[in-house]
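Chemist: Got a structure here, written out as structure tokens. Questions coming.
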């Protein structure tokens, strides 16, 4: 089923609308929650979010398989009984895993705070993966309106809970975690209602269900492992930081990472629409979108560095207890550039080209690098060394995949890579060596020079947008 340019724009509008609510929630979680909870409470809150980000591992690649096998197809082309059978298997699987996590929390965890966090995480694991099942189906069949609304419900419900928690100045992180889990339940209820055609239908017999499950796992497991390995590139460092420097420093590092993710919030959602759109296009059109997308992202993501002084001022005025996070933020902000391109463009294209094995290999290479250097940083008791290791590992992965994809399309990426590395290193240097305003002026001068040097690429982007509007 071909998707027109107007349909693509409509899907983008649905996604951006849902991300408007995500933006409000992100602002609340990044700037207001740490103000109310205090450093230690915010650390435990971030520890829960850290654990919850890995619950996707426990669908074992089933959802990735569904996404890859059915992405871009019409909803009417797929037998609902197939999807229903996979939902039942997923439900049983998540219940078993959730039970094991709960038992581990009850009998193996000595820290009462972490024990309750693990129990909440076990419940969230079940709700999140079931909700993600429907989200995956909606995305794969290009039902972006349904996907966006389910996301909005999740966010809005939690925002309402946050409003009351803020109003009563609740300082216990467990309440925030509890309502975060409940909000996920509301999103799941809506998804179940919209996906009732899948849920309330006959299932395949057990043998056929397991055959379909095996097929989805065989297709999706590589992508799932690749995604987990990619997440662990930052996750290993964060875990070692929590174990070595404690929950307070972990919270401060997490704030810096939250601010980094905040900048990527809107543009990262482009990839959600991009996959079903591009999978319907020929190789030449895919190449054209890749070139324009890469140039556009390089301009925008390098420009994010210019917002650093504003963030510094905000932290000093609003969150003075987190001034240490400013240095961490300098080191981690280049993640916006390198991880941003990875999330938005590179992962999407590697999935389209069915290069899951290579994607896994590149993520494992980065994971090995960050693990080795993070351990060295821990042995040296040098926190900044660990943070630089995380940023460098992500940058190496991004450069390797950009080089591979550019070669695949018969393009050269050397000049763009040099520009990106130079601007990232320059940013870190001037913001550490100089005052924020002076550093801003120096970086702005080089950024303007960079725009002049790539004026041909800018003209090409403008022409592409005009061409898209005309369709």
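Residue numbering: from 1, along the chain as shown.
Placement of Cβ uses the backbone N, Cα and C atoms for every residue, glycine included.
Not measured: the values here are computed from a predicted model.
Feature table excerpt (TrEMBL):
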- 12-33: transmembrane segment (TRANSMEM)
- 45-68: transmembrane segment (TRANSMEM)
- 152-169: transmembrane segment (TRANSMEM)
- 175-193: transmembrane segment (TRANSMEM)
- 217-241: transmembrane segment (TRANSMEM)
- 253-279: transmembrane segment (TRANSMEM)
- 299-319: transmembrane segment (TRANSMEM)
- 325-346: transmembrane segment (TRANSMEM)
- 358-379: transmembrane segment (TRANSMEM)
- 385-405: transmembrane segment (TRANSMEM)
- 417-434: transmembrane segment (TRANSMEM)
- 440-465: transmembrane segment (TRANSMEM)
Chemist: Determine whether the transmembrane segment (45-68) and the transmembrane segment (217-241) share at least three Cβ pairs under 8 Å, counting only pairs 6 or more apart in sequence.
Modeler: yes
Chemist: Would you mind listing the long-range same-chain contacts of the transmembrane segment (417-434), meaning Cβ under 8 Å and 6+ residues beyond its ends?
Modeler: 298, 302, 305, 308, 327, 330-331, 333-334, 337-338, 395, 399, 402-403, 442-443, 446-447, 450, 453-454
Chemist: Give the nonlocal contacts of the transmembrane segment (358-379) in its own chain as ranges (CB under 8 Å, at least six residues past its ends).
Modeler: 222-223, 225-226, 229-230, 232-234, 236-237, 240, 244, 347, 350-351, 385-386, 389-390, 392-394, 396-397, 400-401, 404
